[in-house]
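Each remark here refers to the structure printed beneath this line.
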Amino acid sequence: MDIFNAIILGIIEGITEFLPISSTGHIIVAAQWLGIEATATNQAFGVIIQLAAILAVLANYKDKFTPKHLNLWIKVAIAFIPLGIIAFIFSDVIKALFNVPVVGVMFIVGGVIFLLLERNYKEQNCTTTDVTQVTYKQAIWIGIAQVFALIPGTSRAGSSIVGAMLCGLNRKASAEFSFLLGLPVLAAASGYDLLKHYDLFTFDDLTALAVGFVTSFIVAYFTIKLFIRFLENFTFVSFGIYRIVFGVILLTIAYV
């Protein structure tokens, strides 16, 4: 992994991890276009820049890490359980789906879902306008919705946001619960991969790792802030359109 590729992947991870456009899908495509081989070391690099994105959430929502918000974190933990169980049981099946055609199709499917959701969504009818108001029942349904993110190209953020909106959360609360839910999900996935591949890195890899980590953290930190501001004035329609267009481009490249 050279410095240039580390910066590019760090930027992509930072932008896409918490937006409903599938960070995994973008990383897979970018790696192929950059000619980065799917070696264990390069896959472990992906884990490192993902950890940076996790820290960006911690930095943005440090006020939520207090005893008075314990109830919120219990709900986050409950929402994590469905994905954790399914990912553990079907990990080999999931890995077999990591290819451009699957990513392209799921980009389109996710885009259509967002367009259909926004067509009938009325924010003034939402029962939950703050992330701390999420109920246990809502947390369970959001967790079930997040399971679909195991299909590459679906987007963890996208599936959890859709689930949250369908459960009565407004757009901002949906996005923020998705951010917080990303902490145990990404920490579990990253921790597991690091335990498997920690011995693969050499001293020569440290510079690229550091550059990718810092890049991902900075970009993710500001992406989260800008995304929340965006949702105060706009809908997810633009993300739905982007997903469909990007998915069509991927399938065209894959089959033409």
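In case you wondered, yes, glycine gets a Cβ from its N, Cα and C as well.
Record features, source Swiss-Prot:
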type	residues	note
TRANSMEM	1-21	transmembrane segment
TRANSMEM	38-58	transmembrane segment
TRANSMEM	70-90	transmembrane segment
TRANSMEM	97-117	transmembrane segment
TRANSMEM	134-154	transmembrane segment
TRANSMEM	175-195	transmembrane segment
TRANSMEM	208-228	transmembrane segment
TRANSMEM	236-256	transmembrane segment
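Counting only same-chain residues 6+ beyond the ends of the transmembrane segment (175-195), those with a CB under 8 A from a CB of the stretch are 17-18, 43-44, 47, 50-51, 53-54, 57-58, 60-61, 64, 72-73, 76-77, 79-80, 83-84, 87, 131, 134, 142-143, 146, 156-157, 160-161, 164, 169, 224, 227-228, 231. Contacts between the transmembrane segment (134-154) and the transmembrane segment (1-21): absent, as fewer than 3 C-beta pairs lie under 8 angstroms at sequence separation of six or more.
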